[in-house]
């Protein structure tokens, strides 16, 4: 077999006669924890909410897995699924934005980087938005902003509590100001939700950064976070260069932010649904049938 044929077979996914290493995440039978190196069956890892049984490391999960962990089985009703991003600036860096969108849509099965809808948690009705980091790093463009805004408005109209699961690199630069204005738009909708005396809880997962942190991620009545999640605005290196000093090793972690009053509580993923149910009951939320508006 020539070298050219070997690479051609590799591209087709055919065997080359060599033993190749299984991916560490998801596609093979086994998964290796990047923190402690523990190797476990993927099935066992998924059965533990994708949390390492050895060290508690929270592996990244997609929006569908997240919804399954939060919502009562069969209770999630998606909203505004038809909204699809455009390319208003005909933006191109190393690649065209339109190509990046098509690639992300094909890889994730999503139209954009957030899934929104209504659900029940232990029988209690709640509005839920889940950002998906697989879609262009969870970046917030006009569709992400519009879907979250519509969900907040729906929650306000129905007098429902709201949970937004944040996982984002920030505003989507390929949409320019159309992306940045989503920060103010969502914040305005959340203020009306607050004025209606309704509960809003953001859940900060790894990573939550940039314009998402600078807007709706930090506007909650109760700010929740997953253990060791990276949470910040600018990158660590940028801050160190600006301040000209070394930052603590745990800087921009969920634990650091909790110690400094920016996060109210850290909730392990395996305890999330029960913790949410307790918080909803504590704030007087009630069972409710979810019907189409």
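Keep in mind that glycine also has a Cβ here, set from the backbone N, Cα and C atoms.
Neighbour density for residue 52 (Zn(2+) binding site): within 10 A of its CB lie 20 other CB atoms from the protein chains shown. Sequence annotations record features per position, and here Swiss-Prot assigns Zn(2+) binding site to 33, 36, 52, 55 based on sequence analysis.
Here Swiss-Prot flags 29-293 as domain 'CoA carboxyltransferase N-terminal'.
As a summary of secondary structure, the zinc finger (33-55) carries 6 helix, 4 strand, 13 coil according to DSSP. The feature zinc finger is assigned by Swiss-Prot to 33-55.
If you draw a 10 Å sphere around the CB of residue 55 (Zn(2+) binding site), it holds 13 other CB atoms from the protein chains shown.
Highest Cβ count within 10 Å among the binding-site residues 33, 36: 33.
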